[in-house]
Amino acid sequence: MANQNSDLYKQITAGSVAAVFQTTMTYPFEYLKTGLQLQPKGTAFEIILPQIKSYFVGCSALNVAAFGKTILRFVTFDKLCHSLNNNIDNNDNFQRLTGYNLLIAGTLTGIVESLFIIPFENIKTTLIQSAMIDHKKLEKNQPVVNAKATFHNVATKSTPVARIEKLLPAVKHMYETRGPAAFVQGTTATIFRQIANTSIQFTAYTAFKRLLQARNDKASSVITGLATSFTLVAMTQPIDVVKTRMMSQNAKTEYKNTLNCMYRIFVQEGMATFWKGSIFRFMKVGISGGLTFTVYEQVSLLLGFSSRS
């Protein structure tokens, strides 16, 4: 039991280092993806090409989230594997899980992770949105106040986009202007995205793995990984766009709820808007896996345990 706990702590340490490193290295793609998703139809791409330093605005929020999420992931997944393991005599809970039980454990762990990172995702979105307000074209696209609230339009006070650059000032501003609700915006879309992520990734990976099972080489592994990432992004990008919009500083003035957000994007901006930022998200997803695995392996060796245990 002591050895199992020791291995778990080492896994958490290696996972945390890998998660923070991966988050930092791929954050420019996250910045560009989120920036594009926040833009209304017809906004020039150049709007989200500011100084290079802006590409890391909001990275601190995601790094804090990555650290906490990793701890939560290992502990939650370990507990779920133990609960779902039918063979109580087996100490290796993970290896004895069947495909469906493994999917259930992964999905539930993903939902718990999503609930944890929602406040940090909101902070990140606020910081990225505020980093773009220096661009004059963006300032012209503030919410329009309507005389009467309808499903198509929301009649409330327009919420100006504030200029915030640091993590703690962002938290303070969000609480003062929008209250505690500012940290849980986009919860519905985030949970649905996580469920879709887990199920689609599991299904797509299995399908591509079987399709290329005749080729037992490194190339087939790379192809399987890229194909899975492409499928994942293509099928979940609309939910990701809605999530970003619902987490924006002026979401409450523009959308009544998640369904209204989806409807207005479709009617006012067109179907293509649901796939905004997909190229940058694909780049991030494609690179993240390799970076995380490599760093995790190296830290595992330094800590003196097998990363495959």
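Any Cβ shown, glycine's included, is placed from N, Cα and C.
The repeat 'Solcar 1' annotation in Swiss-Prot covers 6-83.
Residues annotated as transmembrane segment in Swiss-Prot, with sequence analysis given as evidence: 12-32 (among others).
Under the heading transmembrane segment, Swiss-Prot lists 47-67 (among others), citing sequence analysis as support.
Residues annotated as repeat 'Solcar 2' in Swiss-Prot: 97-211.
Sequence-distant contacts of the transmembrane segment (100-120) (same chain, six or more residues past either end, CB-CB distance under 8 Å): 61-62, 64-65, 68-69, 72-73, 76-77, 80-81, 84-85, 94, 183-184, 186-187, 190-191, 193-195, 197-199, 202. According to Swiss-Prot, the transmembrane segment annotation covers 100-120 (among others), on the basis of sequence analysis.
The transmembrane segment annotation in Swiss-Prot covers 184-204 (among others), and the record cites sequence analysis as its basis.
As annotated by Swiss-Prot, repeat 'Solcar 3' applies to 216-302. Looking only at the repeat 'Solcar 3' (216-302), the predicted model's pLDDT averages out at 90.
Residues annotated as transmembrane segment in Swiss-Prot, with sequence analysis given as evidence: 222-242 (among others). Distant neighbours of the transmembrane segment (222-242): 37, 186, 189, 192-193, 196-197, 200-201, 204-205, 208-209, 212, 258, 261-262, 265, 273-278, 281-282, 285-286, 289-290; these residues of the same chain sit at least 6 beyond its ends, with a Cβ under 8 Å from one of its Cβ atoms.
Summarising the annotation, Swiss-Prot assigns transmembrane segment to 285-305 (among others) and lists sequence analysis as the type of evidence. Same-chain residues lying 6+ beyond the ends of the transmembrane segment (285-305) with a Cβ under 8 Å from its Cβ atoms: 7, 10, 13-15, 17-19, 21-22, 25-26, 29, 225-226, 229, 232-233.
Secondary structure of the repeat 'Solcar 1' (6-83) per DSSP (helix as H, G, I; strand as E, B; remaining residues coil): 66 helix, 0 strand, 12 coil. Counting residues of the repeat 'Solcar 3' (216-302) by DSSP class, helix then strand then coil, yields 75 helix, 0 strand, 12 coil.
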